[in-house]
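Asker: I have a structure here, written as structure tokens, and I will follow up with some questions on it.
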Amino acid sequence: MAKELKFSEDARSAMLRGVDKLADTVKTTIGPKGRNVVLEQSYGSPTITNDGVTIAKSIELEDHFENMGAKLVSEVASKTNDIAGDGTTTATVLTQAIVTEGMKNVTAGANPVGIRRGIEKATAAAVEGLKKMSHDVKTKDDIAQIASISAANKEVGKLIADAMEKVGNDGVITIEDSRGVDTSVDVVEGMSFDRGYMSQYMVTDNDKMEANLDNPYVLITDKKISNIQDILPLLQSVVQEGRALLIIADDITGEALPTLVLNKIRGTFNVVAVKAPGFGDRRKAQLEDIAVLTGGTVISDDLGMQLKDATIDQLGSANKVTITKDATTIVDGSGNKEAIAERVDQIKKAIAETTSDFDKEKLQERLAKLAGGVAVVKVGAATETELKEKKYRIEDALNATRAAVQEGFVPGGGTALVNVIPALDEVEASATGDEATGIKIVKAALEAPVRQIAENAGLEGSVIVNQLKQEKPGVGYNAADDKFEDMVAAGIVDPTKVTRSALQNAASVSALLLTTEAVVADKPQPADAAPQAPVAGGMGGMM
């Protein structure tokens, strides 16, 4: 296919238009008075959301060059979401601010490479400043405040704080639909491990890219499965029962995996395969944990067992299993309660006896998975559209809370980013030329989130930013109540990890955009260039 090329100013300005179109859509959602965005769906009712990454992923622009700019900003949002689980709108606002100001300077003749160095130095200094002002999460109230701000809902904050209290800060929390209109938290015994599905064709929910199995059998083995004949009798028994199957194995290779995938696609049976968690002796121990939890048996050479001889009685089972590309969560296993309690006691004894800190940590992880259970947040709403929107908010709040537990929290509402600006003065003083310009660009961009929060509240952003700079550190603008106050004392806080990731990812992609000198895109095909359908020949003998 023929390509279309743009260079220098033409290339950058086309991409900037795409950046602006996406960012202008996303930034309307930031802050307590941010608005929602309605997304058209190819089927079903439209989605109403204020989730930055969901909006960014749904935007596809007609102009190829503009679309590339938009997709780079979308990548910033996605990367921030992957790392911190929240802060995608902040990342988008920061990216637009850095790119817009940077483009002006590059157009005026500044060297983009020098500007890039300045952006990188300023970002590193700002991140250090954020870490220094960070507070540790100590109480249930801290967790509730962080979740409340992320979801813009105090009830959600309380729910998540309750869930984390029940299963611990490192516990597993999942989100499900409720049958009613109320949202509640239930704790169900369960286990999660960091292995996902072997093939994306095994997913059952294409929106979330996850596989959900209801009341499945669980085959647990430390063997490699390369020949489908080894498990064929077992598969036939499972099909006759009409139930789904989760296979946990050392690996599935050869023709076995494609055969499973093909039968899954055809609808012959519902199967998901995952690799066994851990390595060596720890793998064997974790497989035993899963077997005890599900009431199954580990099919292992150590026990002199062969896969082809395995029966359906040796399979475990569970009420529900959820598998993503990175993790598997088994909820409400069918294992014997006494056997589970006995296994928990064994692990507790091992923790007491071990002298290795590493071994102790791994044993405590196993104990939490076996005894801690899984907290299930059941989300209720009056309509399907409201349910989707509510789930997005709860997912963001949950991710933000986990991020805060890891790295602490800073004053919210964009206050921390403005407070960290003086930390860049020392770096700026030692820089010259275009590098100093890059640092100034970041200093200006750090004001952008507060500015946008104020504008979404119907105020003049510059006035709020200037007043904020006069206040002592930690005092910020509370857009919900339209007043300046101590943000931490008011419970308006952001996870340090979220704020840090948003800034780092925004700076990284912005620097790449500014140093772009040429853009190559597919040339649009003219409408009349579509190939004509061939006319059938050899029909002359027909009457």
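Including glycine, each Cβ sits where the backbone N, Cα and C put it.
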Asker: Suppose a student reads Swiss-Prot and sees Thr29, Ile30, Gly31, Pro32, Asp86, Gly87, Thr88, Thr89, Thr90, Gly413, Asn478, Ala479, Ala480 listed for ATP. Which of Asp10, Asp425, Asp494 should they find annotated at that same site?
Answerer: Asp494
Asker: Please state whether DSSP places Asp86 (ATP binding site) in a helix, a strand or coil.
Answerer: coil
Asker: Let me make sure I understand the span of the ATP site: among Thr29, Ile30, Gly31, Pro32, Asp86, Gly87, Thr88, Thr89, Thr90, Gly413, Asn478, Ala479, Ala480, Asp494, what is the greatest distance between any two Cα atoms, in Å?
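Answerer: Those residues reach a largest Cα separation of 20 Å.
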Asker: For the binding-site residues listed here, Gly31, Ala480, which shows the highest count of neighbouring CB atoms within 10 A?
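Answerer: When each Cβ's neighbours within 10 Å are tallied, Gly31 tops the list.
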Asker: Using DSSP, would you call Asn478 (ATP binding site) helix, strand or coil?
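Answerer: DSSP call for Asn478 (ATP binding site): strand.
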Asker: Mind giving me a neighbour count for Asn478 (ATP binding site)? Other Cβ atoms within 10 Å of its Cβ, every protein chain shown.
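Answerer: So the number of other Cβ atoms within 10 Å of Asn478 (ATP binding site) is 21.
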Asker: Need the DSSP three-state call for Thr29 (ATP binding site) to compare against my parser.
Answerer: helix
